[in-house]
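As given in TrEMBL:
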type	residues	note
DOMAIN	1-53	domain 'Endonuclease GajA/Old nuclease/RecF-like AAA'
BINDING	Gly30, Asp31, Asn32, Ala33, Gln34, Gly35, Lys36, Thr37	ATP binding site
Amino acid sequence: MRINSLSLENYRNIIRCDLTPGEGVNLIVGDNAQGKTNLMEAIWLLTGEKTFRYGREHDIPRLDMDRETQRTRVYANVFAEGRDQELEYILWPRRQVKINGITEPGRGAFSGKLCCVIFSPNHLSLVRDGPAERRDFLDGAISQLRPQYIKVLSDYNRALAQRSTLLREAFRDRGRLDLLPVFDYHVARLGSLIQVTRQSYLTRLAEYAAGFHQGISAGKEELSVRYTIGGTGSGILDPEGSREELEQALLSLLEQGREEDLRLGSTGAGPHRDDLALRLSGRAARNFASQGQQRSIVLSLKLAECEMIADTMHSQPVVLLDDVMSELDRSRREYLLNRLTGRQVFITACDDSLLWETSDAEVVAVQNGEFYPGGFPICEEEG
Ligand SMILES: Nc1ncnc2c1ncn2[C@@H]1O[C@H](COP(=O)(O)OP(=O)(O)OP(=O)(O)O)[C@@H](O)[C@H]1O
């Protein structure tokens, strides 16, 4: 997969940008706060209509644009699924997703078209923050490969919300309890589907990630990644069970935990409580990994994600490295760049020193939301 051309209009601090990226490494260079991450974010939006950073989508339209006459738009001509295709996302005045000129209703239409893997400093939270970050990583990675999974996730979240509402009503009026088994059934059926999908994705991802981590740490450390069941299912549900087994076990857990759920007004068991256990040479990475080790773990997971996409889609993903190269030591940078050959890569950096390591990179300079392919124009001296 690759991006043949990219156009942005009124996207954050970018009034207009038209780029024809190279097929290999594209080095986006500029000082702080010039628009580098904005470009990466815009590309990422074309993978699943979601931003990977602070704020929400309604913060994206350029603040001082004329909202009466102008629009906020991301457009790309991409090579995906063996052919050139057009992806268009209009965020203002009205949210609209178009693929090859045809408007797509609902969310998730871009899923499975342009697959990207992104690594930004925020992703260190994968190791050091709570389980929600790791579940999001897993769900995001699977969603790019299986558009149906997005629907299963949203149906599950709806079932969970409806069950919570009913639990709160039934706490005051026990008569409402008659309806609970219907929601238990939906939560158990959809929840078990999510658990087996995550588990099967993770089994393969873990093997790739362990291999990459061996390479990054020169064989000194061993990375293990495992799916773990959380909440009241912890130690009771077998994460490697079949879907039917998990569904039955989840159903009994929901029945057994009913009084506790009623008291708390929420559901104590299910995939919304699960986690990814990341261990480095036998120790919990969250508690023991240094900053550099955390970076290596995330790097291994991201490279593994690339392999998963290549295996499933039979095509290499586009890789977005936002602000991470300067944080890696030379050997890790070299390892990463070697693993990325043959893929279209976008790297942001504050200077072009990386050019020494990526001699065939295409450079795009950025200043104040304006993009200059080939570097800044040479200004003629006045006088
Ligand atoms: N809706 C918006 N309208 C106008 N400007 C915005 C909007 N949202 C964000 N910005 C501005 O865009 C500018 C560039 O942000 P960006 O995150 O792309 O910088 P960057 O070049 O990646 O910098 P750094 O190297 O510091 O990460 C920032 O000054 C930010 O305040």
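Glycine residues also receive a Cβ, built from the backbone N, Cα and C atoms like all the rest.
Location within the structure of each feature annotated in TrEMBL.
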{"residue": "Gly30", "record": "ATP binding site", "Cβ contacts under 8 Å, 6 or more apart": "Lys36, Thr348, Cys350, Ala365, Val366, Gln367"}
{"residue": "Asp31", "record": "ATP binding site", "Cβ contacts under 8 Å, 6 or more apart": "Cys350, Gln367"}
{"residue": "Asn32", "record": "ATP binding site", "Cβ contacts under 8 Å, 6 or more apart": "Cys350"}
{"residue": "Ala33", "record": "ATP binding site", "Cβ contacts under 8 Å, 6 or more apart": "none"}
{"residue": "Gln34", "record": "ATP binding site", "Cβ contacts under 8 Å, 6 or more apart": "Asn13, Val366, Gln367, Asn368, Gly369"}
{"residue": "Gly35", "record": "ATP binding site", "Cβ contacts under 8 Å, 6 or more apart": "Arg12, Asn13, Ile14, Val366, Asn368, Gly369, Glu370, Phe371"}
{"residue": "Thr37", "record": "ATP binding site", "Cβ contacts under 8 Å, 6 or more apart": "Arg53, Ser120, Asp322, Asp323, Thr348"}
Of Asp31, Gln34, Gly35, Lys36, Thr37, binding-site residues neighbouring ligand 1, Cβ under 6 A: Gln34, Gly35, Lys36, Thr37
Residues in the domain 'Endonuclease GajA/Old nuclease/RecF-like AAA' (1-53) grouped by DSSP into helix, strand and remaining coil: 13 helix, 21 strand, 19 coil
Neighbour count (Cβ, 10 Å) for Lys36 (ATP binding site): 23
Remaining residues near the recorded ATP site, that is with C-beta within 8 Å of the centroid of the site residues Gly30, Asp31, Asn32, Ala33, Gln34, Gly35, Lys36, Thr37: Thr348, Cys350, Val366
Overall pLDDT of the domain 'Endonuclease GajA/Old nuclease/RecF-like AAA' (1-53), taken as the mean: 94
